[in-house]
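A.B. asks: Heads up, here are the entries from Swiss-Prot:
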type	residues	note
BINDING	C559, C568	[4Fe-4S] cluster binding site
BINDING	H654	chlorophyll a B1 binding site
BINDING	M662, Y670	chlorophyll a B3 binding site
BINDING	W671	phylloquinone binding site
TRANSMEM	46-69	transmembrane segment
TRANSMEM	135-158	transmembrane segment
TRANSMEM	175-199	transmembrane segment
TRANSMEM	273-291	transmembrane segment
TRANSMEM	330-353	transmembrane segment
TRANSMEM	369-395	transmembrane segment
TRANSMEM	417-439	transmembrane segment
TRANSMEM	517-535	transmembrane segment
TRANSMEM	575-596	transmembrane segment
TRANSMEM	643-665	transmembrane segment
TRANSMEM	707-727	transmembrane segment
Amino acid sequence: MELRFPRFSQGLAQDPTTRRIWFGIATAHDFESHDDITEERLYQNIFASHFGQLAIIFLWTSGNLFHVAWQGNFESWIQDPLHVRPIAHAIWDPHFGQPAVEAFTRGGAAGPVNIAYSGVYQWWYTIGLRTNEDLYTGALFLLFLSTLSLIASWLHLQPKWKPSLSWFKNAESRLNHHLSGLFGVSSLAWTGHLVHVAIPASRGEYVRWNNFLDVLPYPQGLGPLLTGQWNLYAQNPDSSNHLFGTAQGAGTAILTLLGGFHPQTQSLWLTDMAHHHLAIAFIFLIAGHMYRTNFGIGHSIKDLLEAHTPPGGRLGRGHKGLYDTINNSIHFQLGLALASLGVITSLVAQHMYSLPPYAFIAQDFTTQAALYTHHQYIAGFIMTGAFAHGAIFFIRDYNPEQNEDNVLARMLDHKEAIISHLSWASLFLGFHTLGLYVHNDVMLAFGTPEKQILIEPIFAQWIQSAHGKTTYGFDILLSSTNGPAFNAGRSLWLPGWLNAVNENSNSLFLTIGPGDFLVHHAIALGLHTTTLILVKGALDARGSKLMPDKKDFGYSFPCDGPGRGGTCDISAWDAFYLAVFWMLNTIGWVTFYWHWKHITLWQGNVSQFNESSTYLMGWLRDYLWLNSSQLINGYNPFGMNSLSVWAWMFLFGHLVWATGFMFLISWRGYWQELIETLAWAHERTPLANLIRWRDKPVALSIVQARLVGLAHFSVGYIFTYAAFLIASTSGKFG
């Protein structure tokens, strides 16, 4: 018999309908479900695909460097980072007439170009790159790494080079290598780069391979290290009038604890960051020697977990059985990894703007907005994925006998309490927050704004004060000039930090009021509701009172037929599907809040946010409508402008988003009838009926249609907001 797609599933390959194609694509990466899979081959396939992933990442970053070197304006941007627009790449489009060519010819380019809002220019400048040749060199090196990764991927699928199952399950060795190798050594290497290349470059010294061994990053070299006088490395830091990239006002220190920002670049001190990475390297190099391997020293994770039985018996048998449960479940491990990575990605979003690490990025407002939004959306998708794989773990990998009465089993045992508490929190937040917004909205509508209910966020203001913000007049901890906390750090990092916190030209601890109080609670509602749906989906994945045998139906069943009505919409997949809508909704509020607060901060009219953010019409009129006006004006009788492409994308995003509903609000019967009518017409149309196909066309399954609808909804939602964000910010600030 001829081999048909998918080769990994004989059952699907013999399916006579178009279901074969869609189910084949959907399960192509679900290696566990493939016909002749073994646990060992499963691990080997995933391992090899990781190298493929790395190859794609290196190729993509290489492309960024290459296109900027070839078509960008890196060298002229360096001369004046605050006024030259960084170019991502050139645009060639046969549709462009003269007005379009003129509109998109910017940043000193000869023809139409795209402006870079990714922050790569600022990053490359900060880490010591200075010429197009540097960029080309980096691109070639990454291309080499990409090729190497592809070879490694192929190599580890060859019989001689396939790692064994025991190698994959050796958790202690993997942890040691990842902690000390991946984090420790790479952080140490990065410290080395900052000290030997980036810091000299910031002081006007050009260090490359040809003079790398001749230029001492510190006048006394390794002397202070070897004689134990480490504090010398912090002496004579760059002065407050240092011009970045020049020797003017530069010092000689390489590892400092200044705190705050470089006055000219508005970014963290490079010498502080080098110090930070050295500390991280030190910690992780030690951490990478903690676990017991062939040498018989260090901790055994299994022993640690088995020994950790909480006193008083309040948590049953504690962590017994967890080691094997986690070590034998790829989904559990992936869930943990995604949860961690999701949190880290969101932290990146929060810290990139509040503590900007790259020179001049804080003054590139569009880039700041784009990076915050990008990282928050990515974090949302990654975190929902964590719960999805947690649910798959419960269905495919969880063994009740192995986990009897341990902390994991006890989570399942009291899931009703967990879910109902989350439900209560969500209801409380939702009704109270919406109640306040609606009340305020009505008061504004009736012309009595003084009757609004405006609550000052005193606890949050108290926390800001404890960290040194003096605006609110709380005399506490770091805002109390005669307290022990204040005095302890005065000679170290504190002056720089306090200046930064109390200066209103950055995003550190922005002044907050009633509008912030309300939107924080709206975001809390979104977070708790998303969590409720995800946690319920995972904890009910094996079964519920309604459907005790749910685990036998797998991860993504649509319903258990008409015989058990009411079993639709309760698979673990459905929980993930519903949670993504709430996740998008929540991150919408998060990014609206961040963007509006910052637009008013950058324009110097913070009172607009403070006054308009306390009622619904304020958000709709003064944020969304007011800032989308430029987008709606992308094309007009006077020709086009550089925002036209975003205006088009704004419209296109709405179209994609709306298309999602076509899949979300109609079911199979309608489409099956339509398909059969179209097939009938096709077979009776001359010429068209020369084209025939083997598979009988059938409508998408309920689950598939939901996935397609969700994908369109998500992509359209994000496209629309991306266009709005970039156009409304760049239209104001360039």
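Each Cβ is built from the backbone N, Cα and C atoms, and glycine gets one as well.
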A.B. asks: Which one of these stretches, 273-291, 369-395, 517-535, 643-665, has the most C-beta pairs shorter than 8 Å to the transmembrane segment (175-199)?
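C.D. replies: Per the Cβ count, the answer is 273-291.
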A.B. asks: Could you say which of the binding-site residues Y670, W671 has its Cβ with the most other Cβ atoms inside 10 Å?
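C.D. replies: It comes out as W671.
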A.B. asks: Can you say which of 575-596, 643-665, 707-727 has the most Cβ pairs under 8 Å with the transmembrane segment (369-395)?
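C.D. replies: If we count Cβ pairs closer than 8 Å to the transmembrane segment (369-395), 575-596 scores highest.
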A.B. asks: So which of the binding-site residues is most packed in, judged by how many other Cβ atoms lie within 10 Å of its Cβ, out of C559, C568, M662?
C.D. replies: C559
A.B. asks: Test of understanding: applying the rule of at least three C-beta pairs under 8 Å (pairs 6 or more apart in sequence), is the transmembrane segment (643-665) touching the transmembrane segment (575-596)?
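C.D. replies: Checked: the transmembrane segment (575-596) vs the transmembrane segment (643-665), no contact.
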A.B. asks: Return only the integer: C-alpha distance in Å from Y670 (chlorophyll a B3 binding site) to C559 ([4Fe-4S] cluster binding site).
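C.D. replies: Rounded to a whole number, the Cα-Cα distance is 19 Å.
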A.B. asks: Residues of the same chain, at least six outside the transmembrane segment (46-69), with any C-beta under 8 angstroms of its C-beta?
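C.D. replies: The answer is 31, 87-89, 116, 118, 120-121, 132-133, 135-136, 138-140, 142-143, 145-147, 149-150, 152-154, 156-157, 163, 168, 330.
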A.B. asks: Cβ pairs under 8 Å only, please: of the recorded stretches 330-353, 517-535, 707-727, which one is richest in them relative to the transmembrane segment (643-665)?
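C.D. replies: Between the candidates 330-353, 517-535, 707-727, the best contact partner of the transmembrane segment (643-665) is 707-727.
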A.B. asks: Report, as a single number, how many Cβ atoms besides its own are within 10 Å of the Cβ of H654 (chlorophyll a B1 binding site).
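C.D. replies: That number is 15.
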A.B. asks: In terms of DSSP three-state secondary structure, what is the assignment for C559 ([4Fe-4S] cluster binding site)?
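C.D. replies: In the DSSP reduction, C559 ([4Fe-4S] cluster binding site) maps to coil.
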A.B. asks: Roughly how many Å separate the Cα of the residue listed as 'chlorophyll a B1 binding site' from that of M662 (chlorophyll a B3 binding site), to the nearest whole number?
C.D. replies: 13
A.B. asks: Report, in whole Å, the straight Cα-to-Cα distance of C568 ([4Fe-4S] cluster binding site) from M662 (chlorophyll a B3 binding site).
C.D. replies: 20
A.B. asks: How many Å separate the Cα atoms of W671 (phylloquinone binding site) and C559 ([4Fe-4S] cluster binding site)?
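C.D. replies: Cα-Cα, rounded: 19 Å.
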